[in-house]
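First the structure, in the form of structure tokens, and then the observations on it.
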Amino acid sequence: MSGPAPALAGAGAGTWSRPTRWPWWVQVLAVYAVARVVSATILLAVAREQVANLWTPASPSYTQFTGLMWDASWYRQIAEQGYPAHLPVGADGSVEQNAWAFYPLFPLLARGLTAITGAPWQVAAPLLAFAAGAAAMVVIYRSVEAGAPRAVAARPGLPLVTVALVAFFPTSVVLQVAYSESLALLLVASALLALIRRRYPLAIALVVALGFTRAVALPMAVVVVVHAAARWRAARRGEDSLGRRDALGLGALLVVAVASGFAWQLVCGAVTGVPDGYLQTQAAWRARPEVVPVLPWVDMARWLFGGWGTFALAVVLAGVAALLLCRPARRLGPELWTWPAAYLGYLVGVVEPGTSLGRFLLLAFPLAAVTAGMVRAPARRRRAWLALIVVAMVLCQVGWVWALWRLTPPAGWPP
């Protein structure tokens, strides 16, 4: 009766002593946990050098540094006070910075967590972000596994490597502060996975939630179109079937994705009585007095490189196009390839380039799979290259937190 027990115990101990034998989700969460410990160490070290500012005292605690700095205080204001019924206007008649620039789902969820647990904002909101980031890593693993079978076949272990590169990304610190990036990453990855698995009603619900989390629902409409086109072509070749139910589901998903891209703007206009109140609010954060597409990128390039600015911008855009067209990128499935292409194009079209761009790039997570797939070497050398990339990312994290997250009054560059 007692004979088999030691053997079973030994087998279990042997499994847990070798991380490669852990269940896939344990490996994912372990990688994420290590990355967040590294980021927490960086945050704690930099917090000791933080001077007193609008949001925190000098040398703030970890929870103050992650829960109150920068946009975290805007989200806190929304959670505690809601949105203003009237847009604040300056002496020159232009709309001033206000809470309508920030989407409601993250602060509302954090408010619910504070109500349930009794924890203060600066504890509950970063904890929510951390948990959403952990869930996002699990979904990213599954989305790469399901959505890029050719890439995974060419590079075994690609889903976990993708998770590692996202978890250690230079701006991944925001996955554990009171920002909405982790929730947006979870919703984007989940919507892509639902689309890959053809669970269109679930994808609709996720895209609606995304539309109230970040201004990134419109690029998802492009992914839906490409997914539908791929299914239609496969059906024409007799390799797939596209029934009436799925066709209606895709049509509804496309309509919802487009509508979600404008929903928050409509809510802002309805509440404040200013139809373009959201755009006027966004303009308050910009160098230009109005929101215009593409031109801010040209302005920034010229500011950085002078007369060579336009050429430099063209080189950068050509480099991005080359990355999207390289062989590892082409091995991705249509959904995982289209998302970063549409999302980066969307950023060029509507975002003013600045120091916040680095954290925006987190949502283009399939590019991490492309990066991993570009390393052509035996397994041992690939692991060495991965280690070097991770070390470089951690060093960039140190620079990002020190230069951007740390604020030296009276002003600083927003992270």
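Think of each number as a place in line: the chain as shown, counted from 1.
Glycine is treated like the rest: Cβ placed from N, Cα and C.
Now, the feature entries from TrEMBL:
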type: TRANSMEM; residues: 24-47; note: transmembrane segment
type: TRANSMEM; residues: 121-141; note: transmembrane segment
type: TRANSMEM; residues: 153-170; note: transmembrane segment
type: TRANSMEM; residues: 202-226; note: transmembrane segment
type: TRANSMEM; residues: 247-267; note: transmembrane segment
type: TRANSMEM; residues: 303-325; note: transmembrane segment
type: TRANSMEM; residues: 332-351; note: transmembrane segment
type: TRANSMEM; residues: 357-377; note: transmembrane segment
type: TRANSMEM; residues: 384-405; note: transmembrane segment
Do the transmembrane segment (153-170) and the transmembrane segment (121-141) come together with 3 or more C-beta pairs under 8 Å, pairs six or more apart in sequence? yes
Should anything in the same chain at least six residues away from the transmembrane segment (332-351) have a Cβ under 8 Å from its Cβ atoms, list it; otherwise answer none. 143-144, 147-151, 188, 192, 195-196, 215-216, 218-220, 222-223, 226-227, 230, 291, 293-294, 296-297, 317, 320, 324, 357, 360, 363-367, 369-370
Spatial neighbours of the transmembrane segment (24-47) far in sequence, C-beta under 8 Å, 6+ residues away: 59-62, 64-66, 130, 133-134, 137-138, 141, 159-160, 163-164, 167-168, 172-173, 175-176, 394, 397-398, 401-402, 405-406
Six or more residues beyond either end and a Cβ under 8 Å away: which residues meet both conditions relative to the transmembrane segment (121-141)? 24-25, 28-29, 31-32, 36, 63-64, 66-68, 72, 75-76, 79-80, 106-107, 109-110, 113-114, 159-160, 162-163, 166-167, 174-183, 185-186, 189-190, 193, 365
Chain residues outside the transmembrane segment (303-325) and at least six past its termini with a C-beta under 8 angstroms from it: 297, 337, 340-341, 344, 348, 367, 370
